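Visitor: TrEMBL feature annotations, pasted as is:
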- B:7-27: transmembrane segment (TRANSMEM)
- B:33-54: transmembrane segment (TRANSMEM)
- B:66-89: transmembrane segment (TRANSMEM)
- B:95-115: transmembrane segment (TRANSMEM)
- B:127-146: transmembrane segment (TRANSMEM)
- B:158-178: transmembrane segment (TRANSMEM)
- B:212-232: transmembrane segment (TRANSMEM)
- B:252-273: transmembrane segment (TRANSMEM)
- B:285-305: transmembrane segment (TRANSMEM)
Amino acid sequence: MSSRMLDVKDLAVSYGMITAVKGVSFNLDEGEIVALIGANGAGKSTILRTISGLERAKSGSIQFLGKELTKMPAHKIVEAGIAHVPEGRRVFPRLTVKENLMLGANIVKERSIIQQRLERTYLTFPRLKERQAQLAGTLSGGEQQMLALGRALMTGGKLMLLDEPSMGLAPIIVEDIFRIIKEINEAGTSILLIEQNAFLALQTASRAYVLETGLISIEGKSSDLLKDDRVRESYLGA
Amino acid sequence: MKPLIRKLLPILGVVALYYLIMYLKSIKVMNPYHIQVLMFAGVNIMMTISLNIVNGFTGQFCIGHAGFMSLGAYGASIVTTMIFGGFSVAPNLRIPVFLLGLLAGGLVAGAVGLLIGIPTLKLKGDYLAIVTLAFGEIVRATLRLIEPIGAARGMIGIPPYTNFAWVLFFVVLTLIVARNFIYSKHGRACIAIRDNEIAADAMGINTTKYKIISFVFAAFIAGVAGGLYAHIMSFIQPDTFSFVKSSDLLVYLYAGGTGSLTGSVLGGLLLTVLPEALRTFGNLVNWRIVIYAVTLVIIMLYRPLGLCGGKELPLLKINRKHLYEKSIFSKKSVHPSETPN
């Protein structure tokens, strides 16, 4: 039995008058890949952004390794061990690949640890090593996604939040990225994954939650959801 | 040896520049008026660098920078003129008093920068622009009301301690400190905030902290520049530091190019010297402001990012090569030029 890592209870988030997330509960155990799937506007990104402190919860709680995150500022949450890979990659275009990676380790002081993480990141992404002196803005979309993942690895987080890692990428590159995501998970990082491509998400994750306009409608093992008629009809197009 | 020479070369260049100008002055090619224009250019360069740190490198938008300049000017002048009695200071104490004044000016501006930075920089977006705009005008309006420092009439009798050597010294010092700041871990965090604040947040960068650091740092430089300015003019008046001054500084910054120290130097220098130079062209005198404006339009049309937007002289860059020369894996060298592919 693995232990509970993330426990979200009755989370509600609103943007002004509009409630984007209306009381969502889910959890994630250490070592797991869990997916949140759902259509545009279902509130998936909002949930991730609230976990990493970029949005404030209206009510509910987020427990991460026993710590309450809802009142913590974003940079403290990273220190607590959560690495967020934001939607659309958001690398720093006018810094080099290596400088981008070094920013991921901004919270770390010891040079030896930074060096160690850099080695690990370059082992996972040999392509980033090849391009380390290049400006991040000149990378291809797939490489930028790798850089965003690598940068998150550099924070040394125990839980990685991935927001639409397949967005805007060619199918062959998406396959690559998801293989690497699995590798990162096997190396010991838990992953909370948001993905519009439900089929891909269910293939990667062990469990999944289906989100519909701010509420969780279906949850279960990925293998069960792949067979679930409602899921097949709405999200898998079968 | 080579790196040592490379480090000394710019300093030798500055010294050479100083003696060249002094020589030109001694053979009467340059008169005291020319030198004074160059000193104003120096002050404007410092102000532009200061503004560049906030607007160009951290991606915030400060439009009341003259406010910090006036706080520095008044802060420094109060120390040198009112506390130490201006012209009655013993000659051998003049330089320490002057430096103390500049430090006081910088600290006053920095402290006020911290005071208005803390509440506004927490917010994302354009709030800083609105607050700094108001701040500049509040400083001006308040200074106009304080009788002991001359109120709206201004402050007179400030000893003209600032000479060309001091201006040159402080411009070079500002450049060195700004360059080292920008290429440090802290500077990198500021650039990350400029490029993408959300991603910076998600990377564990305390965005508020770094925004405040860069804002206070910039305010300090502006304060010192204001102190230098007061001791060139011998006379300061609240209305000198109005919104017009702030917008002039923005023009220097954007014409020179944001995110580039080279651009700040070029923008501050050219746009201070140009309107003065146009005075000497007989019939054109009445047209000089028009020519100045047209020049700006042409610069922005042909160099929309400013004269050196995002580009830097090698001198003002930290050589980033060392980052890539260190061997990451024990055996292989990872310098990019040696990697196959």
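Every residue, even glycine, has its Cβ placed from backbone N, Cα and C.
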Visitor: I'd like to know if the transmembrane segment (B:33-54) touches the transmembrane segment (B:127-146) in this structure, counting it as a touch only when three or more C-beta pairs sit under 8 Å and are separated by 6 or more positions.
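Guide: Result for the transmembrane segment (B:127-146) with the transmembrane segment (B:33-54) is no.
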Visitor: Could you tell me what the rest of the chain brings near the transmembrane segment (B:158-178), counting residues at least six beyond its ends with Cβ under 8 Å?
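Guide: 11, 14, 17-18, 21-22, 35, 38-39, 42-43, 45-46, 49-50, 52-53, 77, 80-81, 86-87, 89, 94-95, 98, 101-102, 221, 224-225, 228-236, 261, 265, 316.
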Visitor: Please report, as numbers and ranges, the same-chain residues at least 6 past the borders of the transmembrane segment (B:252-273) whose CB is under 8 Å from any CB of it.
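Guide: Non-local partners: 37-38, 40-41, 44-49, 51-52, 55-57, 171, 175, 178-179, 182, 194, 292, 296, 299-300, 303, 305-313, 316.
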Visitor: Taking a Cβ cut-off under 8 Å, which residues six or more beyond the ends of the transmembrane segment (B:95-115) line up next to it in the same chain?
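Guide: Distant Cβ neighbours of the transmembrane segment (B:95-115) are 68-69, 71-80, 84, 89, 161-162, 166, 170, 212, 215-224, 226-228, 230-231.
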Visitor: Report, as numbers and ranges, which residues of the same chain sit near the transmembrane segment (B:66-89): CB under 8 Å and 6 or more residues beyond its ends.
Guide: 47, 50, 97-98, 100-102, 104-109, 112-113, 132, 135-140, 143, 148-149, 155, 157-159, 161, 218-219, 222-227, 229-231, 236, 238, 240-243, 245-246, 249
